[in-house]
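Novice: My structure is below; once you've seen it, I'll send some questions.
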């Protein structure tokens, strides 16, 4: 029995979409950090720029998921994956994955989730609550779990191959994102806090006290 039909164009289109998304947001965000090109498109409003790239990334994610599901629809089914225990595992993985993704988005907020630090919108402190007290990268882990759950639910071995590729792409992306984000926050920590300049009124008041 053929487990994966590599002749299907839809499979390769799905893999291309999975590759493109993190490549796009890393390149776009780094260019923003160095040149502020997205902020410039919104007349210097960095929050609007961040919301715009958030909407773009979210939309690309929907397209990726649609392409993945279409690719699965053209792949062979394996009977062993249709067993009740596997189906229960599939639903549990998908549900847990969504919990990790949604809870991490809730904890970080829109700007924290969608590259706000590249726009100079930094978090006040490291988020340590759930799910970050369970996983270091809950969004990527949760997303991969959802891919696996979907693949098992539809009993498609090809989906498991794609899920492994998703994790590989995320792992590579983290090698670039992690150190760069650390650098951004390290720079903030090294920037001295400016000493407030006394206003004319306060200076005058101090002079009167001395007199």
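Glycine too: its Cβ is placed from the backbone N, Cα and C atoms.
Positions annotated as topological domain 'Lumenal' by TrEMBL: 1-8, 30-41, 112-154. What TrEMBL records for 9-29 is intramembrane segment. Positions annotated as transmembrane segment by TrEMBL: 12-29, 50-68, 88-116. As annotated by TrEMBL, topological domain 'Cytoplasmic' applies to 64-90, 176-211. Under the heading S-adenosyl-L-methionine binding site, TrEMBL lists 95, 96, 97, 177, 178. Summarising the annotation, TrEMBL assigns region 'Disordered' to 189-211. Positions annotated as compositional bias 'Low complexity' by TrEMBL: 198-211.
I'm curious about the neighbourhood of these features; can you describe it?
Specialist: Under 8 Å from some Cβ of the topological domain 'Lumenal' (1-8) lie the Cβ atoms of residues 71, 74-76, 78, 157-158, 161, all in the same chain and six or more residues away from its ends.
Proximity of distant same-chain residues to the transmembrane segment (12-29), defined by a Cβ-Cβ separation under 8 Å and at least 6 residues beyond the stretch ends, is recorded for 38, 53, 57, 60-61, 63-64, 67-68, 70-71, 115, 118, 162, 165-166, 169-170, 172-173, 176-177.
For the topological domain 'Lumenal' (30-41), the DSSP-based tally of helix, strand and coil residues reads 11 helix, 0 strand, 1 coil.
Within the chain, the transmembrane segment (50-68) has long-range Cβ neighbours (under 8 A, six or more residues past its boundaries) at 10, 13-14, 17-18, 20-21, 24-25, 28-29, 32, 38, 41-42, 110-111, 113-116, 119, 121, 147, 150, 159, 162.
The average pLDDT the prediction assigns to the topological domain 'Cytoplasmic' (64-90) is 97.
Around the Cβ of residue 96 (S-adenosyl-L-methionine binding site), the same chain contributes 142, 145, each under 8 angstroms and 6 or more positions distant in sequence.
Within the same chain, residues 25, 29-30, 32-33, 38-39, 46-47, 49-51, 53-54, 57-58, 68-69, 72, 77, 81, 86-87, 89-101, 103-105, 160, 162-163, 166-167, 170, 173-174, 181, 184-185, 188 sit at least 6 positions outside the topological domain 'Lumenal' (112-154) and bring their C-beta atoms closer than 8 Å to a C-beta of that stretch.
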Novice: Any same-chain residues 6+ apart from residue 177 (S-adenosyl-L-methionine binding site) with CB under 8 Å of its CB? Would you list them in sequence order, or say none?
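Specialist: Same-chain residues close to residue 177 (S-adenosyl-L-methionine binding site) (Cβ under 8 Å, separated by 6 or more) are 26.
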Novice: Under 8 Å between C-beta atoms and at least six residues away from its ends: which parts of the chain pack against the topological domain 'Lumenal' (30-41)?
Specialist: 49-50, 52-53, 115, 118-119, 180, 184
Novice: Please work out the number of neighbouring Cβ atoms within 10 Å of the Cβ of residue 178 (S-adenosyl-L-methionine binding site), leaving out its own Cβ.
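Specialist: Summing over all protein chains shown, residue 178 (S-adenosyl-L-methionine binding site) has 12 other Cβ atoms within 10 Å.
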